[in-house]
């Protein structure tokens, strides 16, 4: 029973004489018995000791991490990796590297690599290098270098220094000549098909055939050295020659020991133009040659990469040993994938070119610049990675699980505002035209977030979905004759009538009365409270906005498996736009005090509008989009308030 509701009971006269009870129907008697039982139970509960009564939990303090941010380094796989090569006299400082190729934008999977490499070094008091693996000039652009730097900073990490594989080209070339001199490499003039055949591979890539060495493998060292220098100077065209490592082609069952290509010629002179070194080099080292040697040159102690490179560890160690250089320790962890989307560069380029998305930062994508634009905080991404933990197993996570992790993070770290996505005007007829009452509203459950005031006036706007023309017993929001509370407004309102737009037939205005009780009386407490935004020119209320609500870009968990291709799986309803949304005036304070939450990589709010984040009460979490202007606010929906996708 609600104690706020007045309950009228007939008074029983004291010392009354027994009177004949009026006759009662069976249904009425049953109803009375039920009431009496309920009252007895309430009396029994109220008589229990207070200490047995559960107390409501206090609102949690704002935090940027829901669990220990170093958990994945303290136990499990990464803890064991450290113990294989801990800090010692031989290795006095832990040094890792994050080595992206600057030919595209980073995606959600890269966040795990960033968190592991930078976090592992930080946790052990070491340092992490940001190294651009720019050994392939084709597709490398300045915008990718800048975007990668920006994302690493946004996630809150600072590399001890920034390097490029191309910084070491001269040294890598010296190593190539040294490898030839040690009879560890030879010049090969076979075509790609011939090299495959020698490895026992069919044209389709199937392995298992007989392996055999080509005629060039046993040519004199001096001849290979002379021809390698000639290849460097432009004697050969792409596909005519390459330098191969002389490994264990015939003896070793592991494909990474089947005489890998070490240096090759790019496809065309135009593509040979390197972003940093220009036309100096006509030949370039392969990943298998450059990566382990760059790790060695930079003194990397722990080379941490995904399990797709696990088979490469044998060639990684072989090359360092063959050249007798410092050997870093390579270890591999399972990569992170998000199901229900595509992360492939080729597929995202197709989505952009065909106009299915705005660009690489379209909030429906799972590139890191897209997640940032959507409004996902950097701390939420790191918390998500930490929550998953690190093992050697590949982690395939459904989108709704990622969204739930973001939702939990935002719950205690961003303020709350009232936002109306589809406004319906409500006129409170019994209030004066100039009525104005400033209502105090907290920015969140946590008192440290503070409060603000909003104007409550004769005209307010509510969600269209919070009104029904025809009432029903199971509906508790506004309807003709029904009463609801407006959040934080002293008294409820009751709908009295409504008007319709003759052109559309939709309800255009709801008329209501303000249920302020007469002096000495108490207003009944409504069953439901709804959010609202007041109309006040004096206070520039409401703040008008456009809301972009994003859903999954694809219909299935595996778009690439669609028989007609991944584009056939696109969800036509992946974006809903509400052009006439309204925000309460507390938004101006939130924008002024951003970023929400505070983060090391989000200090410049003007160029990072996505860090203006808040909860729209009863609806969703929102962030300001970069296309917003002083005259037009655009909000992106980060995640809904509840996990409806997971339930479905």
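Yeah, the Cβs are placed from backbone N, Cα and C, and that goes for glycine too.
TrEMBL labels come from automatic prediction, so no person has curated them.
Owing to the predicted nature of the structure, the values given are computational and were not obtained by experimental measurement.
Taken verbatim from TrEMBL:
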type: REGION; residues: 1-72; note: region 'Disordered'
type: COMPBIAS; residues: 8-17; note: compositional bias 'Basic and acidic residues'
type: DOMAIN; residues: 93-405; note: domain 'Glutamyl/glutaminyl-tRNA synthetase class Ib catalytic'
type: DOMAIN; residues: 415-515; note: domain 'Glutamyl/glutaminyl-tRNA synthetase class Ib anti-codon binding'
type: DOMAIN; residues: 529-589; note: domain 'tRNA synthetases class I (E and Q) anti-codon binding'
The DSSP breakdown of the domain 'Glutamyl/glutaminyl-tRNA synthetase class Ib anti-codon binding' (415-515) into helix, strand and coil residues is 6 helix, 52 strand, 43 coil
Which numbers of helix, strand and coil residues does DSSP report for the domain 'tRNA synthetases class I (E and Q) anti-codon binding' (529-589)? 14 helix, 25 strand, 22 coil
Give me the mean pLDDT over the domain 'Glutamyl/glutaminyl-tRNA synthetase class Ib anti-codon binding' (415-515), rounded to a whole number. 96
